[in-house]
Structures are given as structure tokens and as C-alpha cells.
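A short worksheet on the structure shown next.
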Amino acid sequence: MNLKEKTRALFAEIFGYPATHTIQAPGRVNLIGEHTDYNDGFVLPCAIDYQTVISCAPRDDRTVRVIAADYDNQADEFSLDAPIVTHDSQQWSNYVRGVVKHLQQRNNAFGGVDMVISGNVPQGAGLSSSASLEVAVGTVFQQLYHLPLDGAQIALNGQEAENQFVGCNCGIMDQLISALGKKDHALLIDCRTLGAKAVSMPKGVAVVIINSNFKRTLVGSEYNTRREQCETGARFFQQPALRDVSLEAFNAVASELDPVVAKRVRHVLSENARTVEAASALEKGDLQRMGQLMAESHASMRDDFEITVPQIDTLVDIVKATIGDQGGVRMTGGGFGGCVVALIPEDLVPAVQQAVAQQYEAKTGIKETFYVCKSSQGAGQC
């Protein structure tokens, strides 16, 4: 039973009438452009074929009822006429409540909804299960009540909910790609203007995501430190963000900067340039150049931004040794564990899977999880 059938069946069973709509919003993986989003830079993610699915129907009152199928059918219920506050014990509820609360501030021309939610985006793997949920919930209200909101506004609404209601700092990339993703394409996103350009993916290439299953511990504190270091760098150049600093300007005065800050700045500037070039390489189907750019990106994250861990570097080395120059691999996500992403010709996927299975656990003592994905469509009815 797929997620649509599962949520529709559960909806009828619990609420006693059929759902009128089923909405999906995908998770994502970022192909290149790491820690560039909060520096007003460029990112190149694609939506993946793992998603949050919500079967739903409008109500004729002001009540919102929600069932979380993946949490033993836990329920939440709240009124649109009372202040929406955080739920004490159900963290998943706060993503739903936060999205609805922030939607009210944007456009409150909507009434109650019944919904059943289920998803298969792996949680804690850095594949944006939370953004997928936020965008799915926003799309439910937009579709059921014909709200005049576009994908970018639904994405911004989800980001606000996560930052201000759930209390977790995040850039805009995750929500934007979930809302605007295009099948068989990646999206080059300008995080300053939120402009997005669809970039066609080469045919016969798989998007492979491998979770190192190394438990991330430093990610929160170190993420904030990196942001501060980048802001320090921007201030040094008297610019609003590192997006506005050229590599030439940086190289001319790099020795005057604090050495650690200089390394952080060099990563962001070089990564921005790589991301823009990667979009063009991908569009031309030049997997060899894309692979070189991904390798440079990984080295920069390891040596200049210092956010990789030995387990991730091991995983990258195993994949690279197997594919040579026929594709690319790098760490993806915030760092300190998480996943690597690889672009691999489909016929090489079994060899990569076998090499990783034989070597990774033997070298690290941890078993990986292997996902073969396709670039998929953004949020909408399914």
C-alpha cells in the first residue's frame, strides 16, 4: 500500500468519511552549495522521491484535526479562533501548528481541516523531512481554500514556522526545493532573491544518497559558530553578506583576516563559484566536470570549513574509488555526520553499493543506509 492509499484508508476509518484531496511534498538533497544559503549565495538541490503525504478535507467549522500515522496515529486538535501555542509533548504537532499560525498572519481566509499525515523521508538524515512536512501542510490549506499563495510564499511560511514557532534556525533552501522542485531537474536557487532556475539532469544518472549513520552531536553549536565566522568575514569586507565579496578581493587581503575566519570565507566564496559552474556542467551533461566540482566542494568542506568527520571522508573515498571520473560524490547537509550524495551512471550503482557494503562497516564499525533516488516534482496534489 503506498502512502496515498494508506492515508486515504486511515482517513476514512478514523474520520468516518472520505478525504477530498491528497497532497504530497518531497524531501530534498543538495547536490552542491553547502553553507552558502545563509550567506545569500547559491545552492543546487533536487527534490527526491521520498515525501510527506497528507490526505485531507475541509471542515465547515474552525477546528483543525490531525492524525500522525507514523506516530501510532497520535492525534492533535486545535481551533483557528484561539491563539495557537506549542504542544507540550508532541513535537510533530508543532510543525503543523506553526505552519497554520504563520499562514493566518499571511492570509487567514481559511477554515478548519481534517488531515492524516504519513511520510517516508528518512528522519535525522539531513534530507529535510521537516521542510517536507511544513510545505505539505501549507499546500493543504492553499489547495483546499484556494489561497492566493505561490510556492515561494508557502516555502517562506514553512521556514518562518520552523525558525519562530518550532525554534530551529534554518535557511530557505529546504522548503523552497520541496515547494518548487521539478521532475528530472535540479534547481539553481539564488538565496538572496529566491529566484530559481530549473537545470535538467543528465539521462541515465542516479542520485544516490548514503547515510553514514554517524550520530551528529556537534551540528547545532558548530553550525552557529560557522554562521558567526561568516558574518565576521562579511563585516571585514564591509558587505551585507559574503555573496558580495569576490575571490580576487579576498585573495588580496586574506592574510589580514583571522586565519580561521579566512578559511571559512574561502570556502563560501569558492563554493558559490563552484555551484554556479556546476549548474552549467549539469545542463550540458558533463558529468566529469560535475564530479571534479563535487570533489573540490568536499575538500573545501573538509579542509577550509572543517565540517566533515572521518566516517564521511571514508564513505566519499570508497565511492570515488569505484566511480573514478564517471560521476561525483561529496558530503551533503550541515556536516559532522549525515549523508553523502553521489551522481552515478545507473549501471554503476550496483558496484558502488557493493563496494560500500564491503568496506564502510569494516573500516568504521557503522552500517550505512543506501538510497537510490530520482529527481522529483515539488509539492502538489497526488
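Cβ atoms here come from the backbone N, Cα and C positions, even for glycine.
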Site-mate of Glu34, His35, Thr36, Asp37 for substrate in Swiss-Prot, selected among Tyr223, Tyr360, Tyr371: Tyr223
Cβ contacts of Ala125 (ATP binding site) (under 8 Å, same chain, 6 or more positions away): Ile209, Asn211, Gly338, Cys339, Thr369
Cβ neighbours within the same chain of Glu162 (Mg(2+) binding site) - under 8 Å, at least six residues apart: Tyr95, Gly98, Ser130, Ala131, Glu134, Cys168, Cys170, Gln175
Integer Cα-Cα distance in angstrom, Glu34 (substrate binding site) to Arg28 (site 'Transition state stabilizer'): 14
CB contacts for Arg28 (site 'Transition state stabilizer') [other CB atoms within 10 A, all chains]: 32
